[in-house]
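Student: Quick paste of what TrEMBL says about this protein:
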type	residues	note
TRANSMEM	B:23-41	transmembrane segment
TRANSMEM	B:53-74	transmembrane segment
TRANSMEM	B:81-107	transmembrane segment
TRANSMEM	B:113-130	transmembrane segment
TRANSMEM	B:142-160	transmembrane segment
TRANSMEM	B:166-191	transmembrane segment
TRANSMEM	B:203-225	transmembrane segment
TRANSMEM	B:231-247	transmembrane segment
TRANSMEM	B:254-274	transmembrane segment
TRANSMEM	B:338-358	transmembrane segment
TRANSMEM	B:370-392	transmembrane segment
TRANSMEM	B:404-425	transmembrane segment
Amino acid sequence: MELLNALFRSPPWEAVRLGLHLAFGLALLFWLWQALQLRSVVPLKHLARPRAWLLPTVGLIGLCLVAILGYQATWQLGGTARPQFIAFMQSHDRRQFNPAHWIQRGRILDQRGQVLAESRNRGGAAERVYPFGSVFAHAIGYADPRFGLSGVESMANPALNGSTLDSLGDWGELGRQLLTQSKRPRGQDLVTTLDAGLQQAAVEQIASAKGIGRGAVVLMRPADGAVLVMASVPGFDPNQLHPTLFRGGDPATPLLNRATQGQYPPGSVFKVILAAQALENGFRGRLDNPANGYTTSSRYRPIRDHEYYEAQRSGRAWAGHGVLDLTTALAKSSNVFFAQLGVLGGHRALAKTGERFLFNRSIAFVGGPSGTVHLQAAQLEPIPERDRYGLAQAAIGQGRVTTTPGYMALVAAAIANDGVAMRPRLLRDTAPEVLGRFMSADTARRLRVMLRRAVTDGTGQGIETAGLEIAGKTGTAENPQGASHSWFIGFAPASAPRLAFVVLVEHGGYGSTVAAPIARDLLLKAAEQGF
Amino acid sequence: MARRGTPISISDYWQLRAPERRLLLWALLIALLGYLMLLGAGPKDGLDVQFAALVPFLIYLGTFVSAHLLLVLARFRGDQLLLPLTALLSAIGLIAQARTGLFAAAALDPAKLIPLPLGVALMLIFAIAGRGGRYRLATRVTWLWAGVSLLLLALVLATGQRYRGAVYGFGFITPTELLKLTMVLFTAAFIDQHLKRLSRWRSLLPPLRTLWPLLLVWGLVLAMLLVQRDLGLVLILGVMLLAVLAAGTRHSGYLAYGLVLGGAAGVALVSFFAHGQRRVEVWLNPFSDPTGAGWQVLQGLSGMYAGGLWGEGFSEARPRYTPIAESDLIYAVWAEELGFAGSLLLVLLFALLLIRLLSLAARARTPFGLMAATGVAAVLSVQTLLNIGGVTKALPLTGITLPLISHGGSSLLTVFASLGLVLAISDGEPVKRRSTQATGVARR
């Protein structure tokens, strides 16, 4: 025994072991060869001649074994070709020597090449680092052995792991690296459509805005759906994930991506959709808007314009907007006008608009190799025929209708893009996809003019900036939780839009004084950078 | 050799079985190499190798050396490849099981050491007792085999406990393993008795009037197995029945009917039983529930992927991360330690074993011998394919052990006893009848 232990402890043992492994394999092969020789040595002459079925049966079993071995090889040797498998091992395999752990995930970059996520080597294992902390928590997501994958990290997982390789040469190289363990295999870098500077500015603006410092900003290119900013505040730090985060219970819901999943009453920004519906249906008329408001039945409180309440508060008298056409009503954001317009259009028209505008759907971003991120559209369950007041309320973006900020950006982008909504994209090297036509090009053109008027002569006057040519619609959405949500959606420049945006500040108050200036500041910054 | 012709003395048999001895010695040497490397990893972690760690290997060594000597002493003329092949596969089993911590020196449990020598002893008893055509005595007690099978199943159903979806007997012994032998014997014996009438079909109809007792027993057995949800065993036995029927009667109609009925039963099983459905779903997409139903097979595959082409080497891998490593997923442990190359070698060994069993079956002198050996070969083939296929995700995981490699007393004993039966059959018929024929066993 001591001899054995001494042998095992002696320095050359490690080398001997390697030799012994080789010897073991060779000895097995030699044994097999000898066993085959034996067939001629002991021909079993005292037994009968073999039956005819022997060969086919042997062939069948051999075939099964070869097939199983071949399939085994696709996992054991070609496992890199299975992105889900690699992801499983990265999350759930505790073997330190598993090559899946050595794969250094590719970096995630913004469109200017700024690093949003990268892998660093710490103690043999790759550690994921997010230089911007919580700023991109929802857009980029996280890749964590314990908590899995989310956001771009999830939708581009195979590329980041290096398993969507273009040429056979790439495959060979990765295989060689894994086999020889000479070099750390590395995934591909991934360029997103995001812009770090604008995103950071958006997050800071929301966090310091009036209200409780929560909200969302989305900035996208109408022509191809590229998302430059997708901010949701508050975020969380993906560098320091903790189980309590996933347990929920935090009233600030930092895990929720407000931009794509947060449902809010849209308030007046929803009037844009109503205006589109009216234009599509050929509405060119005028409506009278009495100061006393409009209701469908004396049992319900009349819907009034906010000027009415302002006048009441200051003890003045207000005569009402009087007779308005659609352009002016949209610029002034008249509740009375749009409530009437909604009821005038009817239930069926709104349902049809909802279908065209993809209400109640989950809209997928342009997908990465393994799945994608989704954006919830506006939610509006069918309003019963009898409920005309509900229809009036929905028409001004209150009551049964809710929406995510990201969806309103999509609507603004569709108006800016001649009525065609492009599917939102986060990865630069994906091809633009058409999501659908929300309205005719003519309607879109008219709406562009109207929304420009809303900034020059209407509720958005406060942010009119020379050179930006902003077009947009403010929103001040009442909600049962507290102060109104502050909205602003739109695009710029109005004549040839390059950017479409949404800004939502939870409980921020008036859209014109809280959300709109944030949008203007972002557009200014974007203009500085040449967008 | 003293004389040409029939060997008589012990020394003749000593010479006759020289090829077996040579292969066996090589096999034991390979086993020693592997075991040494296994032990050699201990001191690396600061642990001295205790003598106790050698005990399993010494028992193994003694078992197979005495097995060879006993065969010589018993003037056994039968196959010379099976014993060394069994020894080699058992060595791999020993090493793989030692890696899963089964033989931890601190708690050497006799219950874990005894199955191997006991199994080999059983194999020898079957081989020696049944040599010279005496194995055909089994046909005299046809209904004993059926009775034992049914009794075993009924007992397990009445007293067994459920674990991992299947029913086990006391202390996690699986008495149903024994069915792999008793059902072979019953089927072969029954067909042997009615061979002529069974091979006579009336156009497309099998001779049901003769067949019904067989079908009745089989129906009961399969039904009870299905109640226990032992789908793997149902498949193994079903294929065995078809193989034995077809090989014995030489009527391919049995095969055709069997395949159609079996296919229909399979489809029905998968579409009507939630249990079967879930299995198939998990098999097709283990990533739908990676930490639940897909966990076992994915962890096994992860280990294999980590092993790669050459593996991590003896004692370098971490089989404890593989679930049920010591029995169902032991193939994954081996593939993790010795890589794809190692598993290729193991599969080659299994291929050799199965081919040898089949060729022994195909050359048996009596119909009963032919059918019994075919049955054993079919059982071991399907079992091997199901296990390896299940671990590599080529097939659904069925909870079947890998013959000779997996730990599991009843499984091991049954396999050894079955091999003993084939050995007995390979010994041929009584010397008297043989004397008229060329019986040259001389080496060329």
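Backbone N, Cα and C define each Cβ position, glycine as well.
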Student: Quick test of the contact rule: Cβ under 8 Å, at least six residues beyond the ends. What residues does that give for the transmembrane segment (B:254-274)?
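Tutor: Beyond its ends, the transmembrane segment (B:254-274) has Cβ neighbours at 206, 226, 231, 238, 241-242, 245-246, 280.
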Student: Could you tell me whether the transmembrane segment (B:203-225) and the transmembrane segment (B:142-160) are in contact, taking contact to mean 3+ Cβ pairs under 8 Å with a sequence separation of 6 or more?
Tutor: yes
Student: Is the transmembrane segment (B:370-392) close to the transmembrane segment (B:338-358), in the sense of at least 3 CB pairs under 8 angstroms with a sequence gap of 6 or more?
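Tutor: Since 3 or more Cβ pairs under 8 Å link them, the transmembrane segment (B:338-358) and the transmembrane segment (B:370-392) do come into contact.
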Student: Considering only Cβ pairs under 8 Å, which range in B:53-74, B:81-107, B:113-130, B:404-425 makes the most contacts with the transmembrane segment (B:370-392)?
Tutor: B:404-425
Student: Do the transmembrane segment (B:113-130) and the transmembrane segment (B:231-247) come together with 3 or more C-beta pairs under 8 Å, pairs six or more apart in sequence?
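Tutor: Per Cβ check, the transmembrane segment (B:113-130) does not touch the transmembrane segment (B:231-247).
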Student: Quick test of the contact rule: Cβ under 8 Å, at least six residues beyond the ends. What residues does that give for the transmembrane segment (B:231-247)?
Tutor: 176, 179-180, 183-184, 187-188, 191, 198, 218, 221-222, 225, 254-255, 258-259, 262, 269, 276, 279, 361, 370-371, 374-375, 377-379, 381-383, 386, 398-400
Student: So which residues does the transmembrane segment (B:53-74) touch in its own chain, when a touch means Cβ under 8 Å and the partner is 6 or more beyond its ends?
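Tutor: Answer is 10, 13-14, 17, 20-21, 24, 27-28, 31-32, 35, 39, 42, 83, 87, 90-91, 94, 98, 103, 105, 108, 113, 116-117, 120, 123-124, 127-128, 131.
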